[in-house]
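This report refers to the structure that appears directly beneath it.
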Amino acid sequence: MKYLITGLGNIGSEYWGTRHNIGFRVVNHLVESVGGNFTEERYGAIARIRVKNCDLIVLKPNTFMNLSGNAVRYWLQKENIPVENLLIVVDDLALPFGTLRLKPKGSDAGHNGLKNIAQLLNTQEYSRLRFGIGSDFPRGGQIDYVLGKFPPEELQLMPEILDRATEIIKSFCLAGIQITMNQFNNK
């Protein structure tokens, strides 16, 4: 089976380490965990890795966040991957920091990257792994918060959370979404 695993983030070194780029960070960790690496290809950085009997195309789009759907649609079509085998890794303000939630479908929850993907795929029925970044910001401070870097106390917890996110992605490919949600969403 072939899967497209896409981490959402903004391009540019000034965004590295920001909350909004946690999708890139998660897929970097996934690829490193199996000794793979990324190469620049059309619409983004691509890694081709294998997890047991699953072929994973791992994508970090090089489009702006709100145009991520262009990259996702291109790679689904190019690799002939069904939407059921798509997983988007995305930051989520509605979840406390470090909470990971796998969902089989859903709304964009105001996330412009997800909004664009749903628009270009003409469906919201694709899986997403939501990484909680919390919402500890004053009224009107959302943009500064998501584009801000993680504080030291959260960075300290990051390796364990990234390991767990990697386990979830591997399980999604090997066992399917329902078993993976049952196993990980309540932890």
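Heads up, the Cβ atoms here are built off N, Cα and C, so glycines get one too.
For H20, the entry in Swiss-Prot reads active site, proton acceptor. Swiss-Prot lists Y15, F64, N66, N112 with the feature tRNA binding site. Under the heading site 'Discriminates between blocked and unblocked aminoacyl-tRNA', Swiss-Prot lists N10, citing sequence analysis as support. Annotated site 'Stabilizes the basic form of H active site to accept a proton' per Swiss-Prot: D91, in sequence order.
Secondary structure at N10 (site 'Discriminates between blocked and unblocked aminoacyl-tRNA'), as computed by DSSP, is coil.
All protein chains included, D91 (site 'Stabilizes the basic form of H active site to accept a proton') registers 24 other Cβ atoms within 10 Å of its own Cβ.
Among the recorded positions N10, H20, D91, the ones whose Cα is located within 10 Å of the Cα of N66 (tRNA binding site) are N10. Y15 (tRNA binding site) is 14 Å away from D91 (site 'Stabilizes the basic form of H active site to accept a proton') when you measure Cα to Cα. Neighbours of the tRNA site: apart from Y15, F64, N66, N112, residues of the same chain with C-beta atoms within 8 angstroms of the site's C-beta centroid are N10, H20, T63, M65, L67, S68, G113. There are 14 other Cβ atoms within 10 Å of the Cβ belonging to F64 (tRNA binding site). Taking each Cβ in turn and tallying the other Cβ atoms within 10 Å, the top scorer among the recorded positions N10, N66, N112 is N10. Our reading of the tRNA binding annotation (Y15, F64, N66, N112) yields a largest Cα to Cα distance of 16 angstrom.
Between the alpha carbons (Cα) of N10 (site 'Discriminates between blocked and unblocked aminoacyl-tRNA') and F64 (tRNA binding site) lies a span of roughly 6 Å. Sequence-distant contacts (6 or more apart, same chain, Cβ under 8 Å) of Y15 (tRNA binding site) comprise G9, N21, L147.
Annotation note: D91 (site 'Stabilizes the basic form of H active site to accept a proton') sits in a strand segment as assigned by DSSP. Counting only the Cα atoms, the space from the residue listed as 'active site, proton acceptor' to N112 (tRNA binding site) is about 11 angstrom. When other Cβ atoms within 10 Å of the Cβ of the residue listed as 'active site, proton acceptor' are tallied across all protein chains shown, the result is 22.
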